[in-house]
Amino acid sequence: MQKNQVFISTASGYGTEGEAVFRQDGTSVFVPFCIDGEEAEVKVLAVKGGAAYGKCMRVIKPSPHRVTPECGVFGKCGGCRLQHMDYPSQLAFKTLLVKNALKKIGGIDTEVLPARPSGAQYAYRNKLVLPVGRDEDGNTVIGFYAARSHRIVPVSDCPIQAGWCADVISAMKRYLGDASLTGYDELTRRGDIRRIAVREADGKFIAVLVAAHKVDARPLAEILKSRLGDVTLLLNINNSEGNVIFGEEFTAVCGDGFFEAEDMGIKFRAGANTFLQVNDGVRTELYQKIVEEAGGDCVAADLYSGGGMLTVLLARACTAAYGIEVVPEASACADELKELNGLSDRMFNICGTVEEKLPALFSQLAGRKKVIVCDPPRKGMERSVCEAVRASDADKVILVSCNPATLARDLGIILGTLKEEGGVLKKTPEYAANTPYTLKYVQPYDMFPQTKWCETVAVLSKN
């Protein structure tokens, strides 16, 4: 197979990013925006390491599951990858994605429950991050990054964002024009505004304008208040060369720098760096399932606990809950949640890395009936943490993950289907025969409709 080769074939299966897989000349060709079973004309764009990557030139026999995308820049913007599929097909893909990852990466051949749907397939996101930059002609643009690129695709709205997205974009355009401010050029490091980030909860908004230097953001605050209502605006200065979203310096332009809200009976304050799942409906269902599995006459250890939302729910459902979180601001937020919700006697927050703090916590809780909840970042759990969980005496372990690949790896270590040999993890069925835990079930949740991502819960019980 060669670059620029054109062929006609029928897709059979999917890659990990939702690309359809075409088999041609003994090679698997991954083609985005096609559907399993479709016949299409494909042009090969690259051949790498025994696989090829192509572009769909035309669909010859469309799948009955093909639908018209809602977004005018679908295929250009790097966010959504599945808008061309009907929703049942998206759910089936994500279920298979998790199942395949468990088997291929973790050596775990198990059934996976059908992915739980999102009540809203569009307009579900409560968080918006809009980069502001320059196009090839030097004009300021606001939008989203193209796939695998920092080239900004201009947009005036986004169908997976909440309805206020269009108001934020139009407000930014007006503000930039009135103030004669320009988008930031990452190559030349010239320009004024890098991005705006907005989060909504309970009808209240917190927005962060990220600038390369100090600017007058008061006019933007007035525009946003006129369109969104209850808004707190922060100015963040980020003059770093890297791609980090925020710099260290935040200044309140209007409001207190945070907003107070209530969700699932939890009173909380949200700031610029507060982590909240982007899909309110799925988050509620997901957390309810975790609490249902974890609750009872036991102590909960909440690893990678973030701002403490889940720790609060666990503290209410169990006799006590201990959260471990490395980010000081998030741990402080969890302490505040504890006080706001009257849980000082049963919710305890520990600031530090999980691998450093976990041994002492396990020693403290030795002999007590307990459940472990792990909700790590996308990179997954540290190997030492997986080994510590495997060696623990917890009655139940609940893993939550937004990355099927790292979930499969971490589960493999805990269950024993993976074992380190010479610094490399290898599949070892004989090692798994001595596993201290049994995998009860794996349940994906479609936290991110139209995208390749999903959230997954895996529940393990002590043998």
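A Cβ is built for glycine as well, from the same backbone N, Cα and C atoms used for every other residue.
TrEMBL does not curate its annotations; it predicts them automatically.
Noted in TrEMBL for the protein shown:
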ACT_SITE  Cys402  active site, nucleophile
BINDING   Gln277, Tyr304, Glu325, Asp375  S-adenosyl-L-methionine binding site
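Candidate binding-site residues: Glu325, Asp375. Fewest other C-beta atoms within 10 angstroms, Asp375. Mapped onto three states, the DSSP output places Tyr304 (S-adenosyl-L-methionine binding site) in coil. Other than Gln277, Tyr304, Glu325, Asp375, the residues of this chain whose Cβ falls within 8 Å of the Cβ centroid of the S-adenosyl-L-methionine site are, in sequence order, Phe275, Asp302, Ser305, Gly306, Leu310, Pro376, Pro377, Val400. Cys402 (active site, nucleophile) is 13 Å away from Tyr304 (S-adenosyl-L-methionine binding site) when you measure Cα to Cα. Farthest C-alpha pair in the S-adenosyl-L-methionine-binding residues Gln277, Tyr304, Glu325, Asp375: 17 Å apart. Around Cys402 (active site, nucleophile), the same-chain residues at least 6 positions away in sequence with a Cβ under 8 Å from its Cβ are Arg378, Met447, Trp453, Cys454, Glu455, Thr456.
All protein chains shown were included, and the count of other CB atoms within 10 Å of the CB of Tyr304 (S-adenosyl-L-methionine binding site) stands at 22.
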